[in-house]
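Copied over from TrEMBL:
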type	residues	note
ACT_SITE	E321	active site, proton acceptor
ACT_SITE	Y408	active site, proton donor
BINDING	Q159, C160, Q161, P291, Y292, G293, G294, M295, E296, R588, M589, K590	peptide binding site
BINDING	H320, H324, E343	Zn(2+) binding site
DOMAIN	488-632	domain 'Peptidase M1 leukotriene A4 hydrolase/aminopeptidase C-terminal'
Amino acid sequence: MRAQRVPVDYRPCSARRSSLSAVTGLNVMSDSCSFSSFTRCVTKHLNLHLHLDFDRHVIKGRVALTVEALEDRFSTLTLDSSDLSVVSVTANGQPARFSLGPKHSFKGTPLEITLPFDLSRGQHVIVEVTYETSPSATALQWLTPEQTAGKKHPYLFSQCQAHHCRSMIPCQDTPSIKHTYYAQVSVPKDLVTVMSAVRDGQEVDPQDSGRIIYRFRQTVPMPSYLIAIVAGALESREIGPRSRVWSEKEFVDKAAFEFSETEAMLKTAEELAGPYVWGQYDVLVLPPSFPYGGMENPCLTFATPTLLAGDKSLSGVIAHEISHSWTGNLVTNKTWEHFWLNEGHTVYLERMIGRCLESEQFRQFKAIGGWKDLQDSVNTFGANNPLTNLVPSLQDVNPDDAFSSVPYEKGFALLYHLEEQLGGPEVFMGFVKSYIQRFAYSSVTTEEWKNYLFAYFKDKVDILNKVDWNAWMFTPGMPPVKPQYDTTMADACNALSQRWLQAKDQDLNSFKQSDVKTLSSHQVIEFLSLLLQEDPLPLTHVKKMQEVYDLNAYMNAEIRFRWLRLCVRSRWEEVVPLALKMATDQGRMKFTRPLFREVFNFEKFRDEALRVFLAHRAGMHPVTSGLVSKDLKVDVSNAASQ
């Protein structure tokens, strides 16, 4: 896809703002990733009855959607579905005709329903769909007992963001629509189920005494991508007045220690952003194949076990997911083109929490690391790739393929730049809090955000008019302005990395263990990140680094990941098995994809990277295996038959 160059616009800001959607070419009246039209009808509530079948790896489901008509003579609606077997559809209890349209490469299949009557604008209908999911549903990962920590019981977890809920539930699978939901879930009695909702009791399944039904209710309207379910041999520990941590028993005490500061973070976030409206805030530590660092499912943040570093140094991921309770979950991007509204604001809020709990220098230090992550993403995609726009066009683009640090870090950089121009952190946080209150419980576009920014800072419009909005939002590559971050905490990392980069072989004995002992975990991560931005170090240097710093002994996943990449780049052959082991022992895409790419780029071990990937592919999350396949240029159809 060619990057479109948008001409610089010199009209007054009011004229420019009104045509923002025209500039992007984005039609906010539809979602290019969904078949369902949110201009004709909206879902207000879902009532779910789910029966989890661990033998066949399917969910037998019945969903009742309360749908409101937005036009007169309303008689047909389209739901999103993907690989679902639809058994029957009723409308207010009467049989309704339905058909499945042609399958799209990533959007799934439209489920077309004809009501046996017409509705007037504002009337509601309850559409009930009885269906079964496919064993290959992209929202679900079914784990065998061997893939869990306990090795005794199977496990299921869902990951619906961005557009995978439709493979678990037929629905209007677009972030532009918000609804409440109730659920009843039947599972074998040895398993415990939790969802992105408040727990509402349990009972023996009247149909089968070997099963239990768990009940849930979510009374805060939310988009479909935040529906989440987990079932496994779960235990929980209380970690605060409104928080528990859930995981298999092998991880639960470690997780309770790691996330013990959750309540302090929640209180800080409330002081910054307003009341926490979701009631419970629990954390679930998933099995290692979970593809993300965390997922902000309401009432139940999902977290990767790679956060269990033993030193609370990776709790920033929890600060990020807590922040999503306001930016993302309460105020949501209307379509995935506007994903930066979710992630840029969440990174901004996460770093404000860090500022309150640590220091302003710590916030600045994390921002420097974020700028490097953004540079990495721009380098990976290519500086002219339109997916590096802050607001990309996703017409015919799978949102999974667009996922990167761009919406997070380019979004943060814009907000930080505005903070600098408009009066500092307290002033700009006032805007963010006001924006959250203004758009709470709704979904927004970049245009609406920008209009509100201009209205809030109406006495500073001259400053806002000087911002190069076109360069920030619709131009690929790095942002037009690099903020001048405070480097106090980064200076020690810079100095040490420069010593290594400039050292000759005869200088290597000047390095001592004390070089890194005085650095925090965050600073060691930054030190390694700086080295990764340069040409590979000589093999003698990385071997000496291991000898004096013993980086192989670090269990902190962020440190280990960067260290192993550094070693593979320097062509240290003995480290290749360790890199491939980390790539497959856990499935967090942030680690797994770059580790596979590094080994694949080491010509001598290219075949080994492919062999290891194909051997472990079946145990990976479907999103992860699909993207690693693309990274390693594996022909998926051929690989499946090997």
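Placed from the backbone N, Cα and C atoms, the Cβ positions cover glycine too.
Sequence features, as recorded in TrEMBL, placed on the structure.
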residue: Q159; record: peptide binding site; CB count, 10 Å: 24
residue: Q161; record: peptide binding site; CB count, 10 Å: 26
residue: Y292; record: peptide binding site; CB count, 10 Å: 22
residue: G294; record: peptide binding site; CB count, 10 Å: 23
residue: E296; record: peptide binding site; CB count, 10 Å: 23
residue: H320; record: Zn(2+) binding site; CB count, 10 Å: 23
residue: E321; record: active site, proton acceptor; CB count, 10 Å: 25
residue: E343; record: Zn(2+) binding site; CB count, 10 Å: 23
residue: Y408; record: active site, proton donor; CB count, 10 Å: 23
residue: M589; record: peptide binding site; CB count, 10 Å: 19
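Of the candidate binding-site residues, Y292, E296, H320, H324, E343, the one lying closest to the residue listed as 'active site, proton donor' when CA atoms are compared is E343. When the CA atoms are compared, the recorded positions lying within 10 A of G294 (peptide binding site) are E321, out of the candidates E321, H324, E343.
Note on the domain 'Peptidase M1 leukotriene A4 hydrolase/aminopeptidase C-terminal' (488-632): mean pLDDT across this stretch is 95. Take the mean position of the Cβ atoms of H320, H324, E343, the recorded Zn(2+) site; other residues of that chain with a Cβ within 8 Å of it are E296, E321, S323, T327, G328, N342, T346, V347, L349, E350, Y408. A separation of roughly 17 Å, to the nearest angstrom, links the Cα atoms of Q159 (peptide binding site) and E343 (Zn(2+) binding site). Considering only the residues assigned to peptide binding, Q159, C160, Q161, P291, Y292, G293, G294, M295, E296, R588, M589, K590, the longest pairwise Cα distance works out to 18 Å.
When other Cβ atoms within 10 Å of the Cβ of H324 (Zn(2+) binding site) are tallied across all protein chains shown, the result is 25. Between E321 (active site, proton acceptor) and Y292 (peptide binding site), the C-alpha separation comes to 12 Å. Per DSSP, the domain 'Peptidase M1 leukotriene A4 hydrolase/aminopeptidase C-terminal' (488-632) is made up of 116 helix, 0 strand, 29 coil.
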